[in-house]
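**Student:** My questions all concern the structure below.
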Amino acid sequence: MVVSKAPAKQRADETFTSGHSGRILFVVTLGTLCGQLGFLVLPPLLPEIITTLSISEARAGFALSVLASCTAAFRYPGGRISDDLSRTTAIVLGLLSLIVGYGLLATATRYLTFLLGVSFVGIGLGIYVPAGFAQLSDVFERKRGRAFGLNDAAVSLAGVFASGFAAVSIAIATWRYAFAPILIGLAVVTVLYSGWSSEPHTIQKPTLEIWPTLRRIALTPGLRSAILVAGLFMFVWNGTISFLPIVLEADRGLSRGASNVAYAAVFAVGVLATPLSGYCGDRIGSLPTVVTAIGSGLVGLAVLLFSSSTVGVAVGILLLAVGLTGFWPPMSSYLITAFPEEHKGGDYGVVGTVYMAFGSLGPAYVGIVGGHSGYTAAYGGFLLVLVGCLLVASWLTLERYQRLRPA
């Protein structure tokens with residue numbers, strides 16, 4: 001097994017705008033932006049895709065499920081490749097898979113090609129995400145939360161850009177054109193990262209030691225509770241985001257245009273909230289910041305559901321957006337810091353697989369409960385889940401404080 005020897009050297013500067021750390025932060029974040037932009041542009045393109053490929057809504061939904069499943073399934077292999085071979089090998093492999101996937105989508109004229117394209121995109125995202133976080137963790141230690149926050153801000157920025165990309169591509173040509181600039185961006189990222197990375201490309205068979213990994217995670221103090229919090233929160237995140245425009249229009253009385261603007265506003269808030277929460281995590285601690293983010297999401301969702309005014313709905317969306325987007329940088333920092341240096345890529349990957357798999361049930365829950373009892377009732381269930389998250393995260397914070405307090 002090849003274990004990276006670079007982290008100690010890489011952390012020497014820990015600057016965001018210059019030197020080796022600044023270059024790595026820029027290129028990894030740019031890769032995140034390009035990869036997630038292609039993923040997030042698919043939902044607004046779906047009506048055109050369904051018409052052009054002559055497929056049903058069910059087959060389109062199945063394709064998105066395949067994408068999500070591949071992303072979750074390859075989180076652990078991606079992390080193990082980054083640990084056993086090198087960060088460079090894993091990240092470039094993820095980028096190349098994304099290029100193949102988006103290339104297939106850009107040329108898809110049949111459903112099978114489209115399905116193959118989203119499969120490669122899911123594989124690429126699954127490999128890239130844990131390897132990218134591990135790479136940033138190698139480069140940053142004192143400023144790790146802020147680095148994760150900037151990387152997560154790229155996801156929010158992709159959400160802001162996605163609707164515009166979809167609208168412009170459809171207006172000037174076809175939905176396939178939306179992937180052309182993404183392909184160019186990914187190619188640039190691949191070239192830049194290969195040139196700037198200090199680790200070599202290593203080609204050999206990685207060891208997928210799943211049972212030792214699960215045993216190590218299970219025996220790490222506080223980690224099971226943190227994974228539970230992450231899984232519950234991902235359940236709320238996926239369910240809330242997937243149906244937010246529909247809920248705002250059907251149950252809160254907003255117009256379709258206003259609902260779409262509110263949806264985009266969640267990601268716009270995230271552009272600022274994610275680096276801010278990462279900064280707070282570095283300064284006051286990851287877990288207290290996680291608790292604050294959950295509390296903001298809980299209050300925001302309650303205000304959104306029970307306010308009778310437009311101003312109240314706007315305030316609710318703002319607080320909900322801060323909570324939903326501000327949760328992940330400090331939580332990711334807490335999780336990856338708990339793992340051994342030589343295993344953090346694979347360990348973070350398998351944890352990501354677990355909480356993403358659980359979170360994937362969120363949209364199904366909203367669809368079932370919303371269809372029978374209304375969307376307000378479904379979102380009311382998310383309030384209870386967030387209360388559970390808040391209690392477990394608060395208990396974990398107090399337990400960690402007591403464990404670290406001098407006797």
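Just so it is clear, glycine is given a Cβ too, placed from its N, Cα and C backbone atoms.
Reproduced below are the annotations present in TrEMBL:
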type: DOMAIN; residues: 24-405; note: domain 'Major facilitator superfamily (MFS) profile'
type: TRANSMEM; residues: 24-46; note: transmembrane segment
type: TRANSMEM; residues: 88-105; note: transmembrane segment
type: TRANSMEM; residues: 111-133; note: transmembrane segment
type: TRANSMEM; residues: 153-172; note: transmembrane segment
type: TRANSMEM; residues: 178-196; note: transmembrane segment
type: TRANSMEM; residues: 225-248; note: transmembrane segment
type: TRANSMEM; residues: 260-280; note: transmembrane segment
type: TRANSMEM; residues: 287-307; note: transmembrane segment
type: TRANSMEM; residues: 313-336; note: transmembrane segment
type: TRANSMEM; residues: 348-371; note: transmembrane segment
type: TRANSMEM; residues: 377-398; note: transmembrane segment
**Student:** Do any residues of this chain, six or more beyond the ends of the transmembrane segment (287-307), have a C-beta under 8 angstroms from a C-beta of it, and if so which?
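**Tutor:** Residues packing against the transmembrane segment (287-307) from afar: 145, 229, 233, 236, 240, 252, 277, 280-281, 313, 315-324, 326-327, 330-331, 334, 376, 379-380, 382-383, 386-387, 389-390, 393-394, 396-397, 400.
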**Student:** Among the recorded stretches 24-46, 178-196, 377-398, which has the greatest number of Cβ pairs closer than 8 Å to the transmembrane segment (225-248)?
**Tutor:** 377-398
**Student:** What residues elsewhere in the chain lie close to the transmembrane segment (24-46), defined as a C-beta under 8 angstroms and at least 6 residues from its ends?
**Tutor:** 10, 16, 60, 64, 67, 91, 94-95, 98, 101-102, 105, 118, 121, 124-125, 128-129, 132, 135-136, 139-140, 147, 150-151, 153-155, 157-159, 161-163, 165-167, 169-170, 175, 178-179, 182, 185-186, 188-189, 192-193, 196-197
**Student:** Taking contact to mean three or more C-beta pairs under 8 angstroms, with sequence separation of 6 or more, is the transmembrane segment (178-196) in contact with the transmembrane segment (153-172)?
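**Tutor:** Per Cβ check, the transmembrane segment (178-196) touches the transmembrane segment (153-172).
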**Student:** Out of 153-172, 260-280, 313-336, 377-398, which stretch has the largest tally of CB pairs under 8 angstroms to the transmembrane segment (348-371)?
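**Tutor:** Stretch with maximum Cβ contacts: 377-398.
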**Student:** Cβ under 8 Å to the transmembrane segment (377-398), counting only same-chain residues 6 or more beyond its ends: which ones?
**Tutor:** 222, 225-226, 228-229, 232-233, 235-236, 239-240, 243, 247, 285, 287-288, 290-291, 294-295, 297-298, 301-302, 304-305, 365-366, 369-370
